[in-house]
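S.K.: Pasting in a structure now, in structure tokens, and then I'll have a few things to ask.
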Amino acid sequence: MTSLQHIINRRDWENPITVQVNQVKAHSPLNGFKTIEDARENTQSQKKSLNGQWDFKLFDKPEAVDESLLYEKISKELSGDWQSITVPSNWQLHGFDKPIYCNVKYPFAVNPPFVPSDNPTGCYRTEFTITPEQLTQRNHIIFEGVNSAFHLWCNGQWVGYSQDSRLPSEFDLSELLVVGTNRIAVMVIRWSDGSYLEDQDMWWLSGIFRDVNLLTKPQSQIRDVFITPDLDACYRDATLHIKTAINAPNNYQVAVQIFDGKTSLCEPKIQSTNNKRVDEKGGWSDVVFQTIAIRSPKKWTAETPYLYRCVVSLLDEQGNTVDVEAYNIGFRKVEMLNGQLCVNGKPLLIRGVNRHEHHPENGHAVSTADMIEDIKLMKQNNFNAVRTAHYPNHPLFYELCDELGLYVVDEANIETHGMFPMGRLASDPLWAGAFMSRYTQMVERDKNHASIIIWSLGNECGHGANHDAMYGWSKSFDPSRPVQYEGGGANTTATDIICPMYSRVDTDIKDDAVPKYSIKKWLSLPGETRPLILCEYAHAMGNSLGSFDDYWQAFREYPRLQGGFIWDWVDQGLSKIDENGKHYWAYGGDFGDELNDRQFCINGLLFPDRTPHPSLFEAKYSQQHLQFTLREQNQNQNQNQYSIDVFSDYVFRHTDNEKLVWQLIQNGVCVEQGEMALNIAPQSTHTLTIKTKTAFEHGAQYYLNLDVALINDSHFANANHVMDSEQFKLINSNNLNSKSFASATEKSVISVNETDSHLSIENNTFKLVFNQQSGLIEQWLQDDTQVISSPLVDNFYRAPLDNDIGVSEVDNLDPNAWEARWSRAGIGQWQRTCSSINAVQSSVDVRITCVFNYEFNGVLQAQTQWLYTLNNTGTISLNVDVNLNDTLPPMPRIGLSTTINKQSDTKVNWLGLGPFENYPDRKSAARFGYYSLSLNELYTPYIFPTDNGLRSDCQLLSINNLIVTGAFLFAASEYSQNMLTQAKHTNELIADDCIHVHIDHQHMGVGGDDSWSPSTHKEYLLEQKNYNYSLTLTGGITT
């Protein structure tokens, strides 16, 4: 019997050569069906779940574990500090130990293969029952995921060891089991040498976090099946190659049938072992090779995910069924043709996203419902591909991708981002076995999934001989799929696809170590013929995804630019309640983890609860499959007619479940609508005609809104879900007619009263009082009602976005980041003085001119001149002239701000882009219209508070008693910019009694090519030193 002391002395968890002991060889997932019918219907599997409540006890280190606890019988009453824990789960999320988040750095001293002596060790125990029938068969226990390494005992006997937290660990318990109650004990070690290969940008969490199953199969059994579909040169007829490994006598046979539902497509194909000569010495005695031809099957693609069922049976010498396995299969062929990645002979455009397995309460333990929700949301938002960043996912995820239709890049659980150099272990022969094990076992497990079209060697671990070995094995074992790997420059010999991360569209990035060309340039390099698919791009951290549409213009223009995978899908925030009972999303450092990278795990298109960020709408729009062109407009008094070309970017499917819903918009409001069926062949253009009867009014603005919605429920969305959208501004449209607002009249003479301290302008409907010293409005009344609660002032500052801060690693901030440059220039801290104020009255109006100087550290940074022109209705025409110091960096914003008293029913109404938040470089998806939302609806609760809620291209704003017209951007919030800047979490935000209103002439873009360098494109930077803008402000008078 192997003692615990012997195991500890052996220290498998600090030996890179030992990645497993006594583990069953990797294979495709098995279920052990008894009949063909059960296998076909996927029922009555002989796999039993051991999930549930297990005993748990946490120790400081492996050496502290009491050996007797692993052997003793389990009593019904927990004792000796044992507690109950859910399996699967991460123990840190059940109050044991603490979560740690780091982006690049390891959370321990780097000295491979050694790990800290203080090494939290969780011991698990549970019991299960074995029947007499099961005892006559083979019984394997399968741990689908344990982080990071573990030893296993059964009935007091040591069984084996395993590491690689993201792949199955399977052990044969057959010789150790008894009829009746059996007990297992698991000692899970938080840090192992395997942790050096798992330095992904995610939470470090531990425990048995995926399913545990007991698989019972007969002594003679199927132990592996490898199914490879192929299509003929016309992509019409198919051939299925099936390789079955068995443990059975030589006179046993293997039968294969293909089912479409309950209908068999062929007679059973029966074959004995050793039926194929593989080299000069002969064939395999335990492997059966079979080929089945299928005429004109339906093809699998992400657009048309049609699946068949392949049932493989083991027959004894009498022809009786002994063991059955079954797999969903899709007939599809992946190729590189003419420098493009193709499926079934057609080039793809990858609308991809990187996805971590993350749940805000359960950490890395994700349920079937969680996976289905993610896949459906991806499909609903026009994603067709997912990269399993950066490890093999739960095995069910691939079945769901097969069924619902997503292309998958399956990635090995290898990342050494914190190593110096990054590729240190990739070039070390001592670690070759660990690298190879992680890759080969992934491929062995997942090889039968139609959805997997690309294998990935891992992420951010440099490039070395170990990668070349993995690549070579892959091309030999599974030549049906390409291999990608970004490390070492994205275009090494270990990748079939140029797969850079965060390369720009047109600009090279300087990097002395590896090339970082623009994606357009990369294609034109001498001798380069591979396609380019960005493995990561458009870093969606917080308020981000600016200029995303630029990528999609390039993808559609250059055939070998075949898309990419956005980083990333969901914010990795963990749910937490503060001492006041307020909920917030936690990130690095919030659990006492002193070594952390703060909020860099918060970079998804969705919040942790899967609520969308505004950036998701931009991604959905840019990636949509239908492209619209307004080709012709014919307008007359009785009927208007519009010809619209609709190009379908679908590659394989007709739009046979779509309808076009159109709306005619007048001054932001729908005045006419209709719908029509939309049936377009893939990769073709259909011209449709829309006729409207609304007569155009002079001075009004007209837009045509187009939405393509589902007619019936689909396998991923309900009827009426909108997949594609567009808006066209129609001819004869003008900006909102200024005559809609009250103009000057000859009634009510304006009086101007001036003292040393104040300047007052008023009549019987309004009153405006300026402070002579500050030059600011102290009081503005309209019909005895207060319009604003604080002065109108210049505003140049925004609460820094993550992209402004340039955060990647807390101890490695970019000194050239926008926030750092703004801070050095004192933006947001300037001292304002009024150098002059004067008023001139005419017969029809009063003009007040105020000049303001802004200083920082005794240096003049800016000067502004405000010219107010007041007529006798109280309407203010405001002109602002801004002159900036030539030494200033590009500004965050140019505009003004004020506050307004909050009312219980405050609604913000505007005519401009909406309804969701949009910024100058992220507004393609937004539509021009008239919107009315509450303050809460305007607010985007970014986990790390920043500037938010902007609406662009506005012409009208109405909040309580304030009305603004002109051309501007605005934001209205219960939180000040200072509060947003100071807060680190949303629970720290305290709503003010007032509304903070920001009216911007110009606002800098959000950027988003990455989040650690100044990535806002030049056309969205405020680099000018002189600005002039005009607005009209009224105190609630409209007609």
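Quick reminder: no glycine exception, Cβ is built from N, Cα and C everywhere.
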S.K.: Among D199, D201, D1000, which is the one Swiss-Prot gives for the Na(+) site where F600, N603 also bind?
M.R.: D201
S.K.: Can you pick which of E373, E444, E460 Swiss-Prot lists for the same Mg(2+) 1 site as E415, H417?
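M.R.: Looking through E373, E444, E460, the residue Swiss-Prot assigns to the Mg(2+) 1 site is E460.
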S.K.: Can you grab the distance from N603 (Na(+) binding site) over to H539 (substrate binding site)? Cα atoms, rounded to a whole Å.
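M.R.: One finds 7 Å between the Cα atoms of these residues.
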S.K.: Cα of H417 (Mg(2+) 1 binding site) to Cα of W1012 (substrate binding site): how many Å, rounded?
M.R.: 16
S.K.: Calculate the distance in Å between the alpha carbons (Cα) of Y537 (substrate binding site) and H390 (site 'Transition state stabilizer'), and round it to a whole number.
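M.R.: Computed Cα spacing between Y537 (substrate binding site) and H390 (site 'Transition state stabilizer') is 15 Å.
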S.K.: Taking Cα atoms as reference points, rank the recorded positions H390, E415, E536, F600 by distance from N103 (substrate binding site) and give the first.
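M.R.: Going through H390, E415, E536, F600 one by one, the Cα closest to that of N103 (substrate binding site) is F600.
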S.K.: Determine the most Cβ-crowded residue among the binding-site residues N103, N596, N603, using a 10 Å radius around each Cβ and all protein chains in the structure.
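M.R.: Its Cβ has the most other Cβ atoms within 10 Å: N603.
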S.K.: List every residue in the same chain as E415 (Mg(2+) 1 binding site), at least 6 positions away in sequence, whose Cβ is under 8 Å from its Cβ.
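M.R.: In sequence order, L197, E198, D199, Q200, H390, G458, N459, E460, C461 meet the Cβ cut-off.
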S.K.: By the DSSP assignment reduced to helix, strand and coil, which category contains F600 (Na(+) binding site)?
M.R.: helix
S.K.: Measuring Cα to Cα, tell me the gap between H356 (site 'Transition state stabilizer') and D201 (Na(+) binding site) in whole angstrom.
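M.R.: Per the Cα atoms, H356 (site 'Transition state stabilizer') and D201 (Na(+) binding site) stand 9 Å apart.
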S.K.: Of F600, W1012, which of the binding-site residues has the most Cβ neighbours inside 10 Å?
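M.R.: Per the Cβ count within 10 Å, the most buried is F600.
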S.K.: Can you tell me how spread out the substrate site is, meaning the largest CA to CA distance among N103, D201, E460, E536, Y537, A538, H539, N603, W1012, in Å?
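M.R.: 18 Å is the greatest Cα spacing among the residues binding substrate.
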